[in-house]
Structures are given as structure tokens and as C-alpha cells.
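Okay, so here's the structure we're looking at.
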């Protein structure tokens, strides 16, 4: 009998324990953090957001509402990162005229119908949590941050889901105006009295709250939705940055996962400090990377280097390739003697100087086409634009900032020198054709002189190329080296250096075109240059 009673007590205690555990588990699942993902482009942002939430010590559910545009691999990766993935259908934008990127943004309203949870904190994919925000679950029925012009921002919201509330929104979605053409404008119309709501104060005790009526909505302070756009205007936060809880990257196309944003927007450093700590939950995903981008980066980095080595090899293998180094050495010696003498040293001062650096005769100068300089400038800047466009198109967007910068420089320089080099070779060939048609004895003499050193390297072209490269690198790196963080100051310095670069390129392109045309006049009997794209030698 005693044993039976003991067994019954043990069974009763077990049932009570299970019930209590179930209750506690149910309580913990009544609230959640929620975000939306429309496509794979914002996947890295959601991953970093989740990591930032977990780094604050939160164990609440993290729910990612994903649309049909999200790949199965992305869903698998989010689950591996600890997100609960829920598939949803898009809500069409009812506005007749709206930006293309706002087509499905009304889908955000579906968070008001997440009735499995008592309360949810919604965070855009371009936000990060830098300090624990569990206090937001104390906020009333609807909470958001009031931005400039007395408009609420829907990037961070606290919502008490309700089917009745959601259905009411769906009935009014076609009748209420939206100043943005999206969900944010609709919510401002749906909650017209929001600017008059009181500010949420997480320090108020539960006892005090019980004595107050429950407000229909509350405003979140800037601490819970720190706008990077406003930061860039003043180059500082309007509040103590050590008290910030959420940073919101609102600068339109300048999203933190795009490598170039880090070179313009200082607060992106905080985002990348979280990104680099992302765990490898699936193979090749550590640090926010992916296997495809890693392979592309390696290919893009090695290909121009291999092409350069091949070009050098072909030059060395040439019958007169060694003269390139000799000419370069002679140029160094010339500069050394000039500095040492502290005066002007004529070209004849160094007897070993290549004849290609001697002044051209007036007869040869008269052969230069009238518009060659202007055409060369147009070709030069067209080559720059094409090089930049191709480089930004082929370099993956979501790689680390330094990696992206190095690859863009590498490919811009490579493509530019190839394009402009082909143009110089064309000008050189054009000079040859004109020289062949002319039977001027002065040109014959010039040709004979040049053929005695026909393989020597055109160091002047190399100097111009190095000058362009130096100014191009300085235009981006100098603000960083000087520690300038203000956006407009950075941009101003970059623009100033870019103007200097443009002036130098104008001068260099015009002089190089004339120089290579005159060399074509001299080289009309030499066929070695036209057979190689390695146009420096």
C-alpha cells in the first residue's frame, strides 16, 4: 500500500513538472523577433541580424517570413543559423503608381496576423541589434519610431498580432493613401494620431504601469532605431552612441553588405564586426561568405596577374626584350645625374639614352593628324568608364570591403590599359601607314636611327601609367588614411582628387597619342610592335 502511494506521488509530481515545463515553454514562445526576406539579395543582412540578436544574449524565437523569391538553399541556411522559416505569399501593392522596389512591401502587414505569438518585434533586414532589446516586449499594442517630418518608420516595430486588426487593414489598404507608395505610408495613414503617442519608457516598473491605462500605441526613442542617414548628415549620433540598441542602415542603395558602402559610411564598421563572427553553419558560410563568391574572387584575382606574367614573359623572350630593362636603368641614371647636378640636363647628357626620347623633327610633327589629341582624350575617358562599369559588374557585391576594392582596382587598371593600349597600337600603325606613303628622306633617317634601338622600352608610357594609377588609388584611399569619417568631406576630397586625375589623364592621353603616332612614323619598317599587346615593350 505504501509502495502504491509512493508511486502515485511520483507520478503526480512528474505530471506537475511536465505541465509546468509546458507552461514555461509556452510563455517563452509567446514573443518573437521577426524579419522579412523577399529574395536572396538580403540573405546576408538577415544572417547578420540574427547573429546580432543572439550576441545580446536573447533566446527568443527568431522568425523569418520568406517569399517565393527566396531559394531553398537560403531557407536551409537560415534554419541552420537558428531562424524559424515561414513561407508567405506576397501582398500586391494596391497603388497604381509606385516604385518597382515597392511592389510587394505591403507583405510586411502580415506580421499583424502572426497570431501564434502574443507580441512580436519586427526588424528590417538592414538593421543590427547592438544592445539587448528584450524591453521592447513591454511596449504597448503598437510601437514604432517617429522620424523626421512626423512620420513613423516601419523598420523597427512592436506589434500585438490580431486577426481582427489585420482584416481591418486589408479592408482599408485600397482606400487609405500612402505617401511612400508602400507599407510605411499606409501605416502612417492607418495610425494618424501616432505623433501624439507617448514615448515608451522601459524603466517604468510594472506596478506603475498597472495604475495607467494601456495606450493603443507608443513611440520608440532613437535608441531603438538609430538612422544611419541622419548620422551621416551630422557625422555623429544625436544621442550617446554607447546607449544605442538598434542601428538602421537607411541610406537607400548603400546597404551594409555591399563592399563599397564601407568606404563611404563609417557606421558600417559595426555591421562588419558582426558579420566576420558568423559561424560556418553550412560549408563555406563562415564570416558571411559563400563558396560561389570565394571561387569568383580567386579567379578574378589571379587572371590579371597571370596575364601580366605572360606579357612579361613574351617581352623577355623577344629578341630585344632585354633592352627594356636597359632603357629603364638609363632613365634612372638620367634622373640621378640631373638631381645631383641640381640643374637642367639635356637629353645628350647621358650618352646611353634611347634615341626615342630625342626631340622629333618639325617634318614629323607636321604629319600628326589635327584632331588626334581630342580623339585620344575621348577614347581615354571612354576606356575609364567601360573599365569601371565592367569591374563593378564582375566583382561580387557582398564580399569584404578590402577584397572588393583591390579587385575593382586590379580589373579597372587591367581593362583600361588593354583598351587604351590597343588604341595606342592603332595610332602607332596609323603612323606607319602614313610614313610608308611618304617618301621623305628625313623620315628615312629617323627610321634608321630608331631601328638601332627598336626594341627599347617606352618608359614615358610607363611613367604616365604609374601616375594615373597613383592618383586613382589616392582618390579613394587618402580620406581613409587621413581618418576622415564625414560623408560629405570624404566625397569632397574624392571628387577633388578625381578632378586632378582627370586633368592628368587629359594631358597624358593627348601626349601619348602624339608620341605613339610619331613612333609609328619612325618604326614603319619595324613589324615587331604590332604583333604584341604588351605595348610598353
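Cβ atoms are placed via backbone N, Cα and C, with glycine included.
Model, not experiment: these values are computed from the prediction.
For the Mn(2+) site, Swiss-Prot gives 124, 126; the one candidate out of 245, 248 that the record lists there too is 248.
Of the given residue ranges 293-313, 314-334, 335-355, Swiss-Prot assigns the label transmembrane segment to 293-313.
Of the candidate ranges 494-514, 515-535, Swiss-Prot annotates residues 494-514 with the feature transmembrane segment. DSSP assigns residue 124 (Mn(2+) binding site) to coil in the three-state reduction, outside any helix or strand. Here the candidates are the recorded positions 108, 183, 252, 255. The one whose C-alpha lies nearest to that of residue 124 (Mn(2+) binding site) is 108.
By the Cβ criterion (under 8 Å, sequence separation of 6 or more), the transmembrane segment (375-395) is not in contact with the transmembrane segment (468-488), since fewer than 3 such pairs are found.
Taking 108, 126, 248 as the recorded positions under consideration, the smallest Cα distance to residue 255 (substrate binding site) is found for 126. Under 8 Å from some Cβ of the transmembrane segment (468-488) lie the Cβ atoms of residues 232, 235, 263-266, 405, 409, 412-413, 494, 497-498, 500-501, 504-505, 508, all in the same chain and six or more residues away from its ends. Within its own chain, the transmembrane segment (406-426) has Cβ neighbours under 8 Å at 297, 300-301, 304, 307, 376, 379-380, 383-384, 386-388, 390-392, 394-395, 399, 461, 465, 469, 472-473, 509, 512-513, 516, 529-530, 533, 535, counting only residues six or more beyond its boundaries.
Candidate recorded positions: 108, 153, 183, 249. Nearest to residue 126 (Mn(2+) binding site) by Cα distance: 249.
Within 10 Å of residue 108 (site 'Important for catalytic activity'), counting CA to CA, the binding-site residues 153, 183, 248, 249, 252 contribute 183.
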